[in-house]
Amino acid sequence: MSARKRVKRASAYDLYRTCKQAGTCPPDVIPKVEGDTIADKILKFGGLAIYLGGLGIGTWSTGRVAAGGSPRYTPLRTAGSTSSLASIGSRAVTAGTRPSIGAGIPLDTLETLGALRPGVYEDTVLPEAPAIVTPDAVPADSGLDALSIGTDSSTETLITLLEPEGPEDIAVLELQPLDRPTWQVSNAVHQSSAYHAPLQLQSSIAETSGLENIFVGGSGLGDTGGENIELTYFGSPRTSTPRSIASKSRGILNWFSKRYYTQVPTEDPEVFSSQTFANPLYEAEPAVLKGPSGRVGLSQVYKPDTLTTRSGTEVGPQLHVRYSLSTIHEDVEAIPYTVDENTQGLAFVPLHEEQAGFEEIELDDFSETHRLLPQNTSSTPVGSGVRRSLIPTQEFSATRPTGVVTYGSPDTYSASPVTDPDSTSPSLVIDDTTTTPIIIIDGHTVDLYSSNYTLHPSLLRKRKKRKHA
């Protein structure tokens, strides 16, 4: 079975006409038609306190009135709707009258005209009066002078020419151009394949406007009475790093907020050696001022070591320490600068003096004993069989001059070291039996009982890790 189609209920106004008298209206129909909903009540009572303009909200404007109810708002009619006096009946409607509200019978009133197209114009006149008002007396027509109009129905038209009255002489006025100054007009003609500006000649009689491109330019005539003032930018920085030092405003407006210090003269310039600032932003630039004594000096606000709390607050006065410089008396005799005749003069050495001849002495002499180049080259067989190969080896023959280093007394050692007879290096003999043995490694002496050497890490004793139980 198919579901029943839900039928839309009739509008509230259609239900109100049939169910009001029978008393079977739904609960939402009567308040909506009679304008007694919650929204209507809010507008009705709120309109007493506020002004809502000419909207008719809360002012009980005239509309369709139901029996026993209040007026409602009437919407505009559809486009093309008209209303006339005939739809009202034989009742006469005059300005300033309102239709009476009957009890129990709905009344039809004059509705508004269409919103899109106006209807028939309605005028408040009486039905008994004529629609067209004619004047009591009609003025006589004097007609046209010297003009006849034919009223014949034939195709021929009679035309009567008006003859001029007076002499037949006709005055001919010659138009002469006025004496005007000559104007200079510059014409800019653009010779283009797409557009050619037409060139017209200037005329002072007929049309003066043309299609020329007129450019007006030049300088002013006479003295303009002005002055050239350079443009100045206000508020813009003049340097890459603007220097704005915040100045203290304390004590300027309030006299009691000024801070006073006790000035203490000092003769120790070391007081100014250690300068510390809590906030360098408020420190002014160094200034040279003249004191009461007339001498220039150094001054600084100094806070001596006083009581200090646990929070770091220092309790105690601040002193203004001043160090005045010494005064140069006027009676001091100036010592003249004199040069003693016995003073030894200065010797001037010319920089561009010609160089004298000098002898070149070689610091090193190359001989056979210093040769480290290989003398003989031989080959050593490596491997066996097919893989046997010969590797060239070089035999070096080099000698190095060495000296004799002897420790202790020369009589202690019976054997003497072998030395090179051609060596010119001196022998070093240390005649001291208490000298600690020294080992020479690559020409550097190493003391066995001192700490001037470092062993290789492989020779150091390794530490064993302790095992924790």
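Including glycine, each Cβ sits where the backbone N, Cα and C put it.
Noted in Swiss-Prot for the protein shown:
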type	residues	note
COMPBIAS	414-429	compositional bias 'Low complexity'
DISULFID	C19-C25	disulfide bond
REGION	401-429	region 'Disordered'
MOTIF	1-10	motif 'Nuclear localization signal'
MOTIF	461-468	motif 'Nuclear localization signal'
Among C19, C25, which are disulfide-bonded residues, the residue with the most C-beta atoms within 10 angstroms of its C-beta:
C25
Helix, strand or coil at C25 (disulfide bond), per DSSP?
coil
Averaged pLDDT, computed only over the residues in the motif 'Nuclear localization signal' (1-10):
77
Number of helical, extended and coil residues in the motif 'Nuclear localization signal' (1-10), per DSSP:
0 helix, 0 strand, 10 coil
C19 (disulfide bond) - helix vs strand vs coil (DSSP):
helix
